[in-house]
């Protein structure tokens, strides 16, 4: 009964790898490549020797970098000797997951292949067949069975455990292991090493303070990680009692014991615990957890015929895990029955959970550059460390003490408190997003939101209202159409079609279902008696057979008890099955669709003569139909749509529409909501004999249904079939629109044209409307647009069929609270697109804060290390109190309060810089370091020429060098503290990304306290005498100190606010912005 899912293995000439081409349901389409590796014993011995020599440091590096691990421990091999496989996951040659190294187990008695190589990847089991070397996923399939055989299944007589338990358990690591993972990150290793060094060198108090802050920050991060995992776990894990039939007996078992092939009894008001095929009866389902749309869906049993079973096309015959059965019924009065099809993580909901857990994140330039930046600082620190050792050696300092001093220089120049300060900025951004009704499950995406330059919007329920208003009907009349009528005034046949051909259900005495069906039915005057029966006046009509809506066919139909088949669907598909199409059918369709109306076509046929033929052959019935007319709906824009799109456009952020609707309807909505420009030329792409051509959409000035609408449709008299090269050479402003069919063509071309892929990306850069897009098309589009490194893409959808796009975009914003929204990093509890503006604003403010904090922390470390190096040169050092003064009075308060500045209330027309390796950032840092170092040297030279200056005398206390405040460290303390304060003021950026500095109350207090501290240090050192911060200077020299410090501070602030600010804006505006490319 249970068979392995069919795969399409590709045998390789070299058996060093196996591949699997997986074409699954919905958006699960990818390629897995498993490359064979084995542990090399010689390499392993060398690795352990190096591990000892590096004191375990090599272990950390091989832990962080998978390629290094492969180089140090593994070698490629043939099938028979493999111990591991490197799994690479791609989609149309684009990587969609991080590479994983999986351990392989040899299973001698594997049920499908003797001595199979088995491994687990992304919570799913795979095996490599011993003979064919095919990579196969362990999941059930009924693809070899006819639908009749499935319908005749009576339940299991033998049990198997090859597919595991029907329960989805996410491996959540214990807190100690999570803590270990966090500690073993590169920066935390350095941070804890620095704290240990400070504690050893008598800076215990400061070390304990920083340690406490670090532990708090790590604790917050661990809490967030566990909460997110537990939220997903709560979404997918459940175990309930279910009734099944085994060995012809009805028994009650736990749902985790369900096995593919079990005959499951479906009861109303219950949650489905697996994916199953309905073989008897009917169900009314709520699938909001998968689609985000709380609309009851009618499910009917699988037809008994000789066709082989395929899940694709039979979705309305299937019940999916996590969905809720609102009602279960059958003709014999019993509950519906279903055959268990998939269990655990192989269910559709399991696939959703895995996509959330294992989605690949695009590397963000700020994080990438920050590591490079810190590497440069570390290199500079090592240089200073060597200088320190030379100076100490020349002064006769012991080697051990010299090494400690050298390492201190390294820990000073690479600020150990940096991750804590950056983490605080992210945490505050999270809080501000929550205040604006935006929930976030991936905090690392907040900074990515700052770089968004392209926003893709779903249409229905996102840009437009979810509900529809009926405009009226255009019924067929002779060879044309009748005037526009209300539904109640159309012919009896047309009215009856709308009264019975729908998927509405009665739940708790309330009619519920698809908004289009509900809106249509309410206008007909019919009364719904039950799901399959309607009444009007004295006439009662019931449904004897229903053909559910299929996305491929784009239609649904019913056969009534009067042997009449009624069908409704997309006008393009209905036209293909009708025999009496009006002459002006296409013109009438374009007239309304080009004005933004949604069109449903209706038709019927008498099928009494076909009753004796094959009842379940849908194609036999849905042909030679009689066309009835068009049903026309109005889908209005949400109130916030136009203003939001306009704000994005003014900020040089391109907006595009990705919808499953008609291209002409999409173009009109695009014009209404400002995605398309009124004064631009618009071209619609189409395929002709496998080639791509373009027709221009011309504006018609007459025959408008509504004078308030702009009517755009294809003028066939003027239209020319232009080739893509002709389009791209146009010098005027133009915008493109394509369909899902054209997109699939471009997607194929991108994979084929390895040497000219930029041509496809340039074409997509000009495309603003994507119509007739399937759910998997939406996700593929996000992947393809991300191949342009200049693009940072946000997707905004209401959750309905948007799950793939929400997780594949750089930033996803879901307008839904259902479980499907967990695929998105961000979820808005305000169900319109206005929160996209807030998300981008907060992202920009957060990025500016992080960049400022990063620059400030690295600048302070450079300033402090320069001062300490000069102290070493003059055989002195900062005292512990002097270190604490700078760190606790200035640096930490400044670093943490600068994060409190809120986002600006408007979007700027350029994005903040995230590239730390850029001219504005590097020039700013280098110039300020030069100014600071020069000021310290000048101030000390001025000091040396004073009559009161005397060389420091080293006092031997407890056999160690114990430094007291002296003229050298005192003057360097004052000067470097002023420089740090000036850098903090200079780097605090206000508009256009954040509020003005004076609006950050706590930051202003810290600045004032810092200035006050400097005044006390210069003029009133006796007030801090008990702290032994500094020595007393003569009054006239105090004036000189004040003047030099004011000049240095003003120089730093003015350079940053005037020169660097202009350079930054120029750099950001020059950055290629996709929204400006025309």
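Cβ coordinates come from backbone N, Cα and C, glycine included.
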Listed range which TrEMBL flags as transmembrane segment, given the options 892-915, 916-939: 916-939
Range annotated as transmembrane segment in TrEMBL, from 348-372, 373-397, 448-472, 473-497: 373-397
DSSP-assigned states of the domain 'P-type ATPase A' (241-356) in counts, ordered helix, strand, coil: 22 helix, 50 strand, 44 coil
Within the domain 'P5B-type ATPase N-terminal' (37-94), residues counted as helix, strand or coil by DSSP: 32 helix, 15 strand, 11 coil
Tertiary contacts of the transmembrane segment (967-988) (same chain, 6+ residues out, Cβ under 8 Å): 852, 855-856, 859-860, 863-864, 866-867, 870-871, 874, 876-879, 882, 885-886, 890-891, 894, 898, 901, 928, 931-932, 935-936, 939-940, 943, 949-950, 952, 997, 1000, 1003, 1007, 1010-1011, 1013-1014, 1017-1018, 1029-1031, 1033, 1041, 1044-1045, 1048-1050, 1052-1053, 1055-1057
For the domain 'P5B-type ATPase N-terminal' (37-94), mean pLDDT (0 to 100): 91
